[in-house]
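A.B. asks: Here's a structure for you.
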Amino acid sequence: MQKVVLATGNAGKVRELASLLSDFGLDVVAQTELGVDSAEETGLTFIENAILKARHAAKMTGLPAIADDSGLAVDVLGGAPGIYSARYSGENATDQQNLEKLLHTLRDVPDDKRQARFHCVLVYLRHAEDPTPIVCHGSWPGVITRQAAGNGGFGYDPIFFVPSEGKTAAELTREEKSAISHRGQALKLLLDALRNG
């Protein structure tokens, strides 16, 4: 199996990606397991931040790297929280604090104006100086609920209602979520690119 460093310390992302990538013959190791600290996310887009993270992990480990930068974009908020999704309530905010802040911010927004979209950008670098990274983007439309429902997933999943499924992302099984989510879409594109590239 090809060893690849996953440029994240987010346990939810590690679980989700490692199981899917192992089926493809990739032995995924989280950067934290290799003693690599997080890259500074100075980009203004999901793509910029994913490339920064992948390049940092590849440079520090000498391994190929995969990085994920993802977040929630709420239409009525002009795309916020966007790249700041993980720290919407502050630098060391918990998922629950971020979720509560978003619900509070949207408290007066009518139900028909609560559309949102999860975005995920996955970047694969063969090495730290790779001039042609593979960049894949997936997006997943939904609606922000007024209260949390479900115990699965992580982040904003309990308040992200998926109309096609009739439930929140946190109420979906891992398999259901992987088949339709932003991360599942981006990963499928990445695996296709790796197969063909």
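Just so it is clear, glycine is given a Cβ too, placed from its N, Cα and C backbone atoms.
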A.B. asks: Can you tell which of SER70, SER89 Swiss-Prot lists as binding substrate with THR8, GLY9, ASN10, ALA11, GLY12, LYS13, PHE154, GLY155, TYR156, ASP157, LYS177, HIS182, ARG183?
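C.D. replies: The one candidate that Swiss-Prot places in that substrate site: SER70.
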A.B. asks: Please name the residue among the binding-site residues THR8, ASN10, SER70 whose C-beta has the most neighbouring C-beta atoms within 10 angstroms.
C.D. replies: SER70
A.B. asks: List, in sequence order, the same-chain residues at least six positions removed whose CB sits under 8 Å from that of GLY12 (substrate binding site)?
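C.D. replies: Within the chain, GLY12 (substrate binding site) has Cβ neighbours under 8 Å at GLY153, PHE154, GLY155.
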A.B. asks: For HIS182 (substrate binding site) and ASP69 (Mg(2+) binding site), what Cα-Cα distance in Å is obtained after rounding to a whole number?
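C.D. replies: Computed Cα spacing between HIS182 (substrate binding site) and ASP69 (Mg(2+) binding site) is 11 Å.
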